[in-house]
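Trainee: Residues or ranges marked as FAD binding site in TrEMBL: A:Arg54, A:Pro55, A:Leu56, A:Ser57, A:Gly78, A:Thr79. Residues or ranges marked as [2Fe-2S] cluster binding site by TrEMBL: A:Cys221, A:Cys226, A:Cys229, A:Cys241. Among the features that TrEMBL reports, domain 'FAD-binding FR-type' is placed at A:3-103.
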Amino acid sequence: MKKLVQDFEVLHREELNDEHFTLEIRAYEPLPEIKPGQFVNVLVENSTQTFLRRPLSIHFVDYEKNSIKLYIKRIGEGTKKLGTLVSGDKLNLVFPLGNQYSIPSSSKTLLIGGGCGVAPLLYLAKHLKEAGNEVTTILGVRSAIDAVEMDAYKAYGRILVTTEDGSLGDKGYPTQHSILTNENFDYTFTCGPEPMMKAVARYAKEKNIPCEVSLENTMACGFGACLCCVTPTKTGNKCVCTEGPVFNINDLTW
Amino acid sequence: MKKLVQDFEVLHREELNDEHFTLEIRAYEPLPEIKPGQFVNVLVENSTQTFLRRPLSIHFVDYEKNSIKLYIKRIGEGTKKLGTLVSGDKLNLVFPLGNQYSIPSSSKTLLIGGGCGVAPLLYLAKHLKEAGNEVTTILGVRSAIDAVEMDAYKAYGRILVTTEDGSLGDKGYPTQHSILTNENFDYTFTCGPEPMMKAVARYAKEKNIPCEVSLENTMACGFGACLCCVTPTKTGNKCVCTEGPVFNINDLTW
Amino acid sequence: MVNLEVNLKGLSLKNPVMTASGTFGYGEEFDDFIDIDRLGGILVKGTTRHHREGNPYPRMAETPSGMLNAVGLQNKGVENFCNDIYPRIKHYNTNILVNVSGSTIEDYIETASMINELDRIPAIELNISCPNVKEGGMAFGTSCVSAASVVKAVRKVYNKHLMVKLSPNVTDISEIAKAVEAEGADSVSLINTLLGMAIDAESRRPLLSTITGGLSGPCVKPVALRMVWQVFRAINIPIIGLGGIMNAKDAIEFILAGASAIQIGTANFIDPQVTVKVVEGIKEYMIRHKVQNISDLVGALEIQ
Amino acid sequence: MVNLEVNLKGLSLKNPVMTASGTFGYGEEFDDFIDIDRLGGILVKGTTRHHREGNPYPRMAETPSGMLNAVGLQNKGVENFCNDIYPRIKHYNTNILVNVSGSTIEDYIETASMINELDRIPAIELNISCPNVKEGGMAFGTSCVSAASVVKAVRKVYNKHLMVKLSPNVTDISEIAKAVEAEGADSVSLINTLLGMAIDAESRRPLLSTITGGLSGPCVKPVALRMVWQVFRAINIPIIGLGGIMNAKDAIEFILAGASAIQIGTANFIDPQVTVKVVEGIKEYMIRHKVQNISDLVGALEIQ
Ligand SMILES: Cc1cc2nc3c(=O)[nH]c(=O)nc-3n(C[C@H](O)[C@H](O)[C@H](O)COP(=O)(O)OP(=O)(O)OC[C@H]3O[C@@H](n4cnc5c(N)ncnc54)[C@H](O)[C@@H]3O)c2cc1C
Ligand SMILES: Cc1cc2nc3c(=O)[nH]c(=O)nc-3n(C[C@H](O)[C@H](O)[C@H](O)COP(=O)(O)OP(=O)(O)OC[C@H]3O[C@@H](n4cnc5c(N)ncnc54)[C@H](O)[C@@H]3O)c2cc1C
Ligand SMILES: Cc1cc2nc3c(=O)[nH]c(=O)nc-3n(C[C@H](O)[C@H](O)[C@H](O)COP(=O)(O)O)c2cc1C
Ligand SMILES: Cc1cc2nc3c(=O)[nH]c(=O)nc-3n(C[C@H](O)[C@H](O)[C@H](O)COP(=O)(O)O)c2cc1C
Ligand code: FES
Ligand code: FES
């Protein structure tokens, strides 16, 4: 999978709630094959406080429109600046980066996302469904207003929600959802805050099913050149940007 | 004259030709009294290459609209960025800075400008006329297309042009304009490239008439705090930002 | 309410925010913009025994997230300061510190003893680190022996608070800090500017008349923070931290690294009101983090 | 046509553009983005006698116009390099230089002598300046005596081009340069990273696991340029300049200051194609300025 540096054109920015938005961007050249779990490294221009690129998961790919969708949470200068882009603006990407989630077949798969960790799960759900799996996605959010894009997930399977304030779905964290005790799954995939992913990992270990997590890290390059993004694994330090971001929990020292 | 730090709102940007544009900006508070020859120091935001403010002469003041007009030449990052501002954008200014041109009365005054050195002359022409002087302005430009805002100057007196390619007015530099040999003046004021100002100074010395020039310099603060902007004078180094930008040529070591 | 007061070995500041020498004129330049009395202290321009014209134009170049200057200590000399400037500025209700520079030990002694006589100047900042003076201004700050010798000499004639400003252009700044502490410095301020250079590729000329000059602004902040942290672990007298502070967050970082007070330099050029904003920002941070005394934050960096 | 060839005391480069060690992996990481054979040379990762895991996470922090890193020379050791990596990358039709790092003189000797055997490696860059290794990596580069001793030892076992990479964290870099020249270094490269630090004011923690780390990027360019200029006037062997080069204009500045060739580091992370763009940009500058040979620009800074 050849990595590219390319300009994209912003097609559309959609505000999901106060913090989150999606950015749909179109490539000028035909997109290469992009796997679920991969990410892009975005150059934030016209900003004094973003010297390095910003890594963002690929939220969705539309080959017909030749576009990629990003799901972004406003955190600091960089993401805030991205949240001001409008249709027609240019955006420079290094992509596609990183490895990918495994795609089993004919299995009962469980996807658990929290915060902006939900970003890669939509595209993963699509691939899982296409490979003949049964897909259940649990999104853990703070409040009903944060439960966005429900319909998109529905297209690929079942979508469940937990809210911290109980305003929608089960109250609590996604790993406290009743379905985890009521049903059994063959595979689990997760992305989100580390404590949540660790809870999912504990659940998977208990149930003795495979679990893949997507890690974040501080990245300078995103393609294996700087070694700034290591995570400890059972076989030594590994680069999150090339040997991850997706790791099987069995490889981690969790 | 109290100096202020204030946000302004862009009312209008007008492209004069490929290189030059004017920016009319409105203050939220009533403008203080602004003298001809003074300048502002502008913060260029959202640009990675402009750490310091950019000094720009005050081209015109409209107290009724509570607005200042700047006349800007695209040079580098900062001025190019200013050339992308649109109506409604904010601009932070430190102003009014520097001293001012002298305003004689009932005199025959000659204003000579070249390049973006014309910036302060329009507002000066207005003041000279209001004080009962006769105003002749010579603008030296490269070609007819650069002879902009002629009507504005006309409101305050006679406007003459020299072009380097002879496409409008007298051919040559402004100090070669025939009027300098055909008529006599009591005062001369100039702003523009140093070689031009030096030619004007020579002319004034020959004719034994007062001559005031507006100098540029590298500025960090613009209000006398850093001493980065000195120019040598007969009485030692002087700050261009507080003791200038306007100097009588008799004080300079030219 | 939160308590921003700082006690620097007897020199008490109403808050930790001071201005950096050479970037704040004599204070008066900022009267239009802020109420100077709200600051912990102001450091006036580098002052020398004799009048100095400074370096020729050009003296300034912009750099990525910073600037180079080659002012070269332009000032009218200490006598002029005592007779003309001091009477004009002594009314400020804040600590006025004079930055004392020199080319020889005798210069420093002369200048410091004259300033010693001024009632309303509670401290001097001994500048042994200015990179823009040919005749040795910086050399004093780049070896322990010479740094110690100038501090020792000045200590004899100066009996108020003696702050010593250290040069970052050294292999081991904590050694220099220890040397000046041993000679009786009451505090150290760091960093002065890093020696740098800028070139215009098109004209093939240096951008400064002096070829090299002093680098300041946010670009130097990581180096400055590191040095404050190193010095904090090496000495027992208070540290005044500076170098690239643009806002309250930056100021807090220096305090966490070990600075008892901070100075703001280059940022004054970009926002002449930055100093009072930093005072307010520090207050806000303390309230938000439930910190009662600013001194509780000094060196409070958490290391596992 | 313009001639970009550079001869560094026997080491000939097709153009002055090389990559900086630790920022370009083993070259392979850039195969997707550029044709590496178009570069004057590549410096592969810092290589040590033994396998090193490097420092714990987090290893990186963004700073104004730059970044701090604390990678800590993560690499699989020189044997792994010779057996596994070298065969994979030796096909590149450019100069491959190995950056040799160590904690003891013996380490340097061992590593250098093993690299000496590799046909397609025409030179090593002796890293006596890495700030991220506790056991002395940087100490070697911060005194003339120790710098000289390691160069002397390596010179005995290494008979190809010996480039020595200098630390900027010193009082007088030209003294160090002279010391390594005297021991037979064929060229010097400068600068390595400046020692810096970053703090998160909110969590009150350092942003790097090692607290301090190495600063690189445009923020250090003024310091790097100044050092190249100082060293250029002090020694007679060629200088390879680096520190914050982002484009051809920056590269030209280093060459005017005295660099015979340049290296590009951090910029590779932001634009993985920057190196070839700089080659093109230098060509364009030479044509525009009617410079026939790049060597005509070396140290050609005009000073009145
Ligand atoms: C592989 C990968 C995929 C990601 N996918 C997404 C995504 O799909 N959507 C999304 O909204 N975010 C995603 N992130 C996180 C995103 O990169 C950061 O939120 C972003 O870089 C913050 O930039 P900023 O300029 O807005 O904030 P900054 O001002 O840079 O930082 C604000 C805070 O965030 C922390 N931070 C900054 N950069 C990172 C980083 N790279 N990793 C962890 N913490 C950081 C800082 O320490 C600081 O405390 C991903 C990160 C990685 C590594
Ligand atoms: C008192 C004063 C009044 C001015 N009035 C006007 C005006 O009315 N209209 C106008 O268009 N310009 C004016 N200028 C010049 C204007 O400030 C510069 O063109 C501007 O700062 C360039 O910024 P930049 O970011 O576009 O270019 P940069 O990228 O900063 O610089 C491009 C080139 O211009 C040179 N340069 C940068 N800043 C200055 C400076 N302050 N003085 C001299 N050379 C500089 C640089 O060395 C470089 O070669 C004035 C300057 C001063 C000092
Ligand atoms: C224009 C200018 C002039 C300076 N003059 C002096 C001086 O006279 N004495 C001194 O000790 N430091 C002087 N400095 C250094 C500053 O006081 C300060 O140490 C340095 O700029 C770093 O802080 P900053 O990044 O906040 O500016 C000067 C700095 C600048 C930018
Ligand atoms: C992530 C990273 C890793 C580095 N590793 C090494 C190294 O192994 N050996 C070395 O000599 N320099 C190393 N350096 C320093 C660079 O080679 C270079 O000297 C420095 O970054 C300045 O150049 P730049 O500003 O162009 O990046 C590293 C720099 C970075 C940013
Ligand atoms: S971010 Fe550079 S190696 Fe992973
Ligand atoms: S620009 Fe600072 S004194 Fe003039």
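Glycine residues also receive a Cβ, built from the backbone N, Cα and C atoms like all the rest.
Note that TrEMBL annotation is computational and uncurated.
For the listed features, I'd like the structural context: burial, neighbours, distances.
Mentor: A C-beta separation below 8 Å, combined with a sequence spacing of at least six in one chain, links A:Thr79 (FAD binding site) to A:Arg54, A:Ile72, A:Lys73.
Note on A:Cys221 ([2Fe-2S] cluster binding site): other Cβ atoms within 10 Å of its Cβ, all shown chains, come to 30. According to DSSP, A:Cys221 ([2Fe-2S] cluster binding site) sits in a coil region rather than a helix or strand.
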Trainee: Cα-Cα, whole number of Å: A:Pro55 (FAD binding site) versus A:Cys221 ([2Fe-2S] cluster binding site)?
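Mentor: Taking the Cα atoms only, A:Pro55 (FAD binding site) lies 9 Å from A:Cys221 ([2Fe-2S] cluster binding site).
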Trainee: Listed binding-site residues: A:Ser57, A:Gly78, A:Thr79, A:Cys221, A:Cys226. Which have a CB under 6 angstroms from an atom of ligand 4?
Mentor: A:Cys226
Trainee: Name them in sequence order: residues not among A:Arg54, A:Pro55, A:Leu56, A:Ser57, A:Gly78, A:Thr79 whose Cβ is within 8 Å of the mean position of the Cβ atoms defining the FAD site.
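Mentor: Everything else in range on the chain: A:Asn41, A:Val42, A:Leu70, A:Ile72, A:Leu82.
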Trainee: Within the domain 'FAD-binding FR-type' (A:3-103), how many residues are helix, strand or coil going by DSSP?
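Mentor: So the domain 'FAD-binding FR-type' (A:3-103) is made up of 6 helix, 47 strand, 48 coil.
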Trainee: Can you tell me which of these binding-site residues sit near ligand 5, meaning the Cβ is under 6 Å from at least one of its atoms: A:Arg54, A:Pro55, A:Leu56, A:Ser57, A:Gly78, A:Thr79?
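Mentor: The ones that qualify number zero, so the answer is none.
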Trainee: What binding-site residues from A:Pro55, A:Leu56, A:Gly78, A:Thr79, A:Cys221, A:Cys226 have a chain D Cβ less than 8 Å from their own Cβ?
Mentor: A:Cys221, A:Cys226
Trainee: What's the CA-CA gap between A:Leu56 (FAD binding site) and A:Cys226 ([2Fe-2S] cluster binding site) in angstrom, rounded?
Mentor: 18
Trainee: Can you tell me how far the Cα of A:Ser57 (FAD binding site) sits from the Cα of A:Cys241 ([2Fe-2S] cluster binding site), in Å?
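Mentor: Roughly 11 Å, rounded to the nearest whole number.
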Trainee: Expressed to the nearest Å, what is the distance separating A:Cys241 ([2Fe-2S] cluster binding site) and A:Gly78 (FAD binding site) at their Cα atoms?
Mentor: 19
Trainee: Neighbour count, 10 Å Cβ-Cβ cut-off, for A:Gly78 (FAD binding site): what number do you get?
Mentor: 22
Trainee: Looking only at DSSP and grouping its letters into three states, which state does A:Cys229 ([2Fe-2S] cluster binding site) belong to?
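Mentor: Coil, per DSSP.
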